[in-house]
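For reference, the structure is listed below as structure tokens.
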Amino acid sequence: MAVLEIRTVPDPVLKEVSQPVDQVDDDLRQLMDDMLQTMYAADGIGLAAIQVGVAKRVIVMDLAGPDEEAQPRYFVNPVLSDPSDTLKPYEEGCLSVPTVYDEVERPDRIRIRYLDYDGNPQDEIAEGMFAVCIQHEMDHLEGVLFIDYLSRLKRQRAVQKVKKVEKSKDRDAA
Ligand code: GNR
Ligand code: NI
């Protein structure tokens, strides 16, 4: 297992559209294991493969609280459908846009079909935090970030802030 580097804005890879996976094999499971470890190391609740520079339609997630047992989840080739008419705002963050948080409105209930860790098809209804997170991650597969829903001014400020934060991290590391 390995902790991978998480790409941050304005890295152009984050705008790429990810490609469907044709087989859930041991190589893909290795990627999912590494993604999960990377997500845990960064204290995230979800991660899309493109955030570690891999343009495959793969997502990992764990919505368990800090004092709960781990609940790792893996989504390969996920498809969303039947969104609720009701939208709900939520203060989102993103490991690719560190230190920036803002409200995004999304359907509060949505159906998700995907292949699991073993390649078996699954069909679920996502609600609450699961619905927020899976829609945030699905956007990554299309090259979309939560800041793309904000005003241009807020988006530009967000990118500038991340550039600054990343530069100071590089200085600390040097
Ligand atoms: O860790 C994360 N937290 C989060 C909080 C609110 C809405 C979405 C998220 S996903 C984010 C991890 C991430 O960037 N996934 O792509
Ligand atoms: Ni994100």
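Keep in mind that glycine also has a Cβ here, set from the backbone N, Cα and C atoms.
What TrEMBL annotates here:
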type	residues	note
ACT_SITE	GLU137	active site
BINDING	CYS94, HIS136, HIS140	Fe cation binding site
Note = CB neighbours within 10 A of HIS136 (Fe cation binding site), counting all protein chains shown, number 23
Inquiry  = Counting only residues 6+ away in sequence within the same chain, which have a CB under 8 Å from the CB of GLU137 (active site)?
reply    = GLY46, LEU47, ALA48, ILE59, MET61, PHE75, PRO78
Remark   = Counting other CB atoms within 10 Å of each candidate's CB, the least crowded of the binding-site residues CYS94, HIS140 is HIS140
Cβ within 8 Å of the mean position of the Cβ atoms of CYS94, HIS136, HIS140: remaining residues of the chain near Fe cation = GLY46, ALA48, GLN51, GLU92, LEU95, SER96, GLU137, ASP139, LEU145, PHE146
